[in-house]
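Peer 1: Have a look at this one before I ask anything.
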Amino acid sequence: MKVAVVGATGLVGSVMLKVLAERNFPVTELIPVASAKSAGKEVDFKGKKYKVVTVDDAIAMKPDVALFSAGGSTSLEQAPRFAEAGTVVIDNSSAWRMDPTKKLVVPEVNANVITKEDKIIANPNCSTIQMVVALKPLHEKYKIKRVVVSTYQSVTGTGKKAVDQLMNERNGIEGAKAYPYTIDLNVIPHIDVFQDNGYTKEEMKMIYETKKIMGDDSIRVTATTVRIPVMGGHSESVNIEFENDFDLAEVRSLLEQQEGLIVVDDPANLKYPMPMDAHEKDEVLVGRIRRDESQPNTLNLWVVADNLRKGAATNAVQIAEYMKKNGLL
Ligand SMILES: NC(=O)c1ccc[n+]([C@@H]2O[C@H](COP(=O)([O-])OP(=O)(O)OC[C@H]3O[C@@H](n4cnc5c(N)ncnc54)[C@H](OP(=O)(O)O)[C@@H]3O)[C@@H](O)[C@H]2O)c1
């Protein structure tokens, strides 16, 4: 397959190249794409060097699939141009996620919604992806009423500039800032822009996207999203209230059987998921599984994943894999 990676010089794009190679996606021709200023630069793929091209050049090459991670405005402008040329676009930005005509997909949860007519498919927000992988088997069994989530998000979620800010601050170097405040040795309860209701856009994404992916508008969600000076992945404290009561051993077993999820939960031996462990892994890790003793039918979980992998690149490549396997690509 001819595969374009739009945003190939960025944090997510470079992980996409790695994931495509690791999973042996059948790439016969790779087309790395970035902004005009990067045209001519080289990226590595499976030990070979490829020249970065512009969007216009890439469209003319008529790729079968384009994995986009180049920001919302680039997606809004360029994804339809690729789609018109017959390319299937899998987009990592927030541009198309809540468009009712576009599918929002986490393959382990709702790959079945994709049809041959879908030419632009949206990859959900990183924090939402890892949470819904854990919620899915529990919703099927006990029916979720309400979710209260607080996130502890890696600086890699903001892109290259944020990683540079953290490392510069750590090394006492003056440089460009991705955040309005110092991030090293700090915690910033603000991800994406504030909305009129006092929530941030990241928080509202978690609320709306969870309902859309789970296909159930009755699930009530409230979120507080927080940036912390960490690189390996995002962590989440997730409190879930169910319609029906549950058995803790059965909850554990359901989570163990869920595809894409690894249970790391052995407090006696100090085993619980951490971003250091999730880093470079494609799976979501879940632990600290315990009953919320303050009210009935309620569970607490701790969910961790590499936001550049399952939260972005891996999920996008898995969508492409599913489409290829099912003759949709
Ligand atoms: N980081 C995450 O955890 C994460 C998770 C899910 C989704 N996303 C989304 O993925 C996207 C990229 O994130 P990132 O963290 O990889 O950012 P990043 O490191 O800043 O990379 C941005 C990439 O987009 C390219 N680009 C910018 N403007 C472009 C244009 N007009 N045409 C073509 N390419 C253009 C850049 O090329 P140049 O190098 O030439 O500037 C670069 O390759 C964003 O939409 C973000 O919301 C990120």
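Backbone N, Cα and C define each Cβ position, glycine as well.
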Peer 1: Based on TrEMBL, name the residue from Asn300, Asn307 that is recorded for the same NADP(+) site as Thr9, Gly10, Leu11, Val12, Lys37, Ser38.
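Peer 2: As annotated by TrEMBL, Thr9, Gly10, Leu11, Val12, Lys37, Ser38 share the NADP(+) site with Asn307, chosen from Asn300, Asn307.
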Peer 1: Do you know offhand how many angstrom separate Cys126 (active site, acyl-thioester intermediate) and Arg97 (phosphate binding site) by C-alpha?
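Peer 2: The Cα atom of Cys126 (active site, acyl-thioester intermediate) is 12 Å away from the Cα atom of Arg97 (phosphate binding site).
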Peer 1: DSSP says what for the domain 'Semialdehyde dehydrogenase NAD-binding' (2-117): how many helix, strand, coil residues?
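Peer 2: Residue counts in helix, strand and coil order: 41 helix, 29 strand, 46 coil.
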Peer 1: Using DSSP and three states only, what is Cys126 (active site, acyl-thioester intermediate)?
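Peer 2: Looking at the DSSP assignment, Cys126 (active site, acyl-thioester intermediate) belongs to a helix.
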Peer 1: Below 8 Å Cβ to Cβ and six or more residues apart, same chain only. Which residues does that give for Gln153 (substrate binding site)?
Peer 2: Cys126, Ser127, Ile191, Thr225, Val226, Arg227, Ile228, Val230, His234, Ser235, Asn307
Peer 1: Considering the binding-site residues Arg97, Arg227, which residue's Cβ sits among the greatest number of other Cβ atoms within 10 Å?
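Peer 2: When each Cβ's neighbours within 10 Å are tallied, Arg227 tops the list.
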